[in-house]
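I have placed the structure first, in the form of structure tokens, so that the comments after it can refer back to it.
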Amino acid sequence: MLVLRFYMQISSKELILLIAIITFIFLIAPLFLIIYIFLYNKKKAKHLEEKEVLKKTFELELLKSQVEVQEHILQTIAGDLHDNIGQLLSLTSMTLSSIKADHLREEKINTAAELTHRAIKELRQLSKKMNGQELIKKSLGHAIAYELDWLKKGLAYEIQFTDNTTHSISAHADKELIMFRLFQEILSNILKHAQATRIKITIDQTKDYLSLFVQDNGKGFILADKLEAGDGLGLGNLQKRTSMMDGNFTINSTPGKGTDIQVSIPYQ
Amino acid sequence: MHAFFTVNTVTELICLLISVICLYKDKNVYWRSFMLYLLMVCIVEMVGISLRLEHKPNYALYTWFLVIECTMISCFFYHLYRKYHHKPGQLYSWLGLFILVFLLELFTNHFSNFASKTAAFMSVVFVIASLYYYVLILKDEHFRKLETYPPFWIVNGVLFFYFGSTACNVFFDYLLQEKAHSLSLSTRYVTFNILNVLLYSCWSYAFICRYRQRN
């Protein structure tokens, strides 16, 4: 009834015009709604991007703290080994050398003194190896060479090390230390899993980058399979630490032929 | 012959062609059913025109086509909502309600007119369904690039068409009155031409996006 009365009050021409206007408004409204959804979606994208950046920054900060704490602990243990146990062993060595005994006992005491002397030497080397900051003081190349000397002593590996670095930048000592720890982890992986006989290590320095290249002739693996099986051999950790320094981490492995790993970090 | 090629039919035919090219190899049955639906739209439109040319009423054809239209769009909305854990019971309830309203109107007007009230009711429900889909998209934490997101463009087309046709549906009885027949016919005709172009443009774009994302 209301509609009929409404019809009667206005002419048909006016009503049709009204319908046309209503339809036009009904078309404009969804248009604005869609524009609003687009804008909101863009805002959402920006928000998600920011959230992702924050998450990444937080993860990197966490990793940085972990590395710092780890370094600190290693340094403390290295210090304790050197200062306490080292001192005790030195005292033992001195005590042994001061004992005056008969011919039969002297031989045994000399053997004990020699063993103690070797233990002191080993302990010093271990302590030095653990104290990365101390080791890296000279240069990254020197630290790697020291690590390889340690390796050459015990195991039968054909090791080739090339140091193409020209100079150390003291401001980047932390980066060098992390690079050195990465090298230690890569080397440890090779010793544990690769069954290699030959290891080739190269460090290069360009104007902007410091690169470490490690190649072995071990059994190799299929990277995708390892990652899928969650058995990443600490590759994820290596990758994370590299990205912490805004660097690039690449790995190529062929089953039966070996593995190449390259780590490059900005260094200018 | 040229009477068969109006703005509506040409738009529908182009959309059908795009759907066949883009969705022929699509694995999703809901998307593939658009080809069949658009084919039926084109056939109904052609039969409707030929009946009109023979001066026979064609409202029965369009009235019964409402059932197919409602089923297709409702099923597609169900497919979209399914991602957000909606149950099939809601779809069956809605389709049951629609059939009830549809039959009630047919019996009320003794099968002698187009079921315009059911069409208006269906339009309102589809507008609400489209708006609800937008709410789900906005609430979803997963980000989607809406510029090229096919379901979004299907829903945009549906919203434009059913929201825009509300005024025409509400005043349908008046627009059929003889007094204003010629003027109202042109108003309705132009309105539905614009709405159809909008609907099928959005759908065609959605099909192209779907095709490009599949390949």
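Heads up, the Cβ atoms here are built off N, Cα and C, so glycines get one too.
Among the features that TrEMBL reports, transmembrane segment is placed at B:6-24 (among others).
The annotation transmembrane segment is assigned in TrEMBL to B:36-53 (among others).
Among residues of the same chain six or more beyond the transmembrane segment (B:59-80), those with a C-beta under 8 A of the stretch's C-beta atoms are 28, 30, 33-34, 37, 40, 44, 47-48, 51, 86, 88, 90-91, 94-95, 98-99, 102, 106, 111, 113-115, 118-119, 122, 126, 129, 133, 151, 154-155, 158. What TrEMBL lists as transmembrane segment is B:59-80 (among others).
For the transmembrane segment (B:92-112), the residues of the chain that approach it from at least six positions outside its boundaries are 60, 63, 66-67, 70-71, 74, 118, 121-122, 125, judged by C-beta separation under 8 angstroms. Positions annotated as transmembrane segment by TrEMBL: B:92-112 (among others).
Under the heading transmembrane segment, TrEMBL lists B:118-138 (among others).
Here TrEMBL flags B:150-172 (among others) as transmembrane segment.
Per TrEMBL, transmembrane segment is recorded for B:192-211 (among others).
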Open item on the list: Pairs of Cβ atoms less than 8 Å apart decide it: which stretch in B:36-53, B:118-138, B:150-172, B:192-211 has the most with the transmembrane segment (B:6-24)?
Closed with: B:192-211
Open item on the list: Quick test of the contact rule: Cβ under 8 Å, at least six residues beyond the ends. What residues does that give for the transmembrane segment (B:192-211)?
Closed with: 6-8, 11-12, 14-15, 18-19, 21-23, 26, 31, 34, 148-154, 156-158, 160-161, 164-165, 168
- [ ] Could you tell me what the rest of the chain brings near the transmembrane segment (B:150-172), counting residues at least six beyond its ends with Cβ under 8 Å?
- [x] 31, 73, 76, 80, 114, 116, 119-120, 122-124, 126-127, 129-131, 133-134, 137, 144, 188, 191-192, 194-196, 198-203, 205-207, 209-210, 213
Task: Sequence-remote partners of the transmembrane segment (B:36-53) [C-beta within less than 8 Å, at least six residues beyond its ends] - done: 3-4, 6, 8-9, 12-13, 15-16, 19, 61-62, 65, 68, 72
Task: For the transmembrane segment (B:118-138), sequence-distant contacts whose Cβ falls under 8 Å of one of its Cβ atoms, 6 or more beyond its ends - done: 66, 69-70, 73-74, 77, 80-81, 84, 94, 98, 101-102, 105, 144, 146, 151-152, 155-156, 158-159, 162-163, 165-166, 169-170, 172
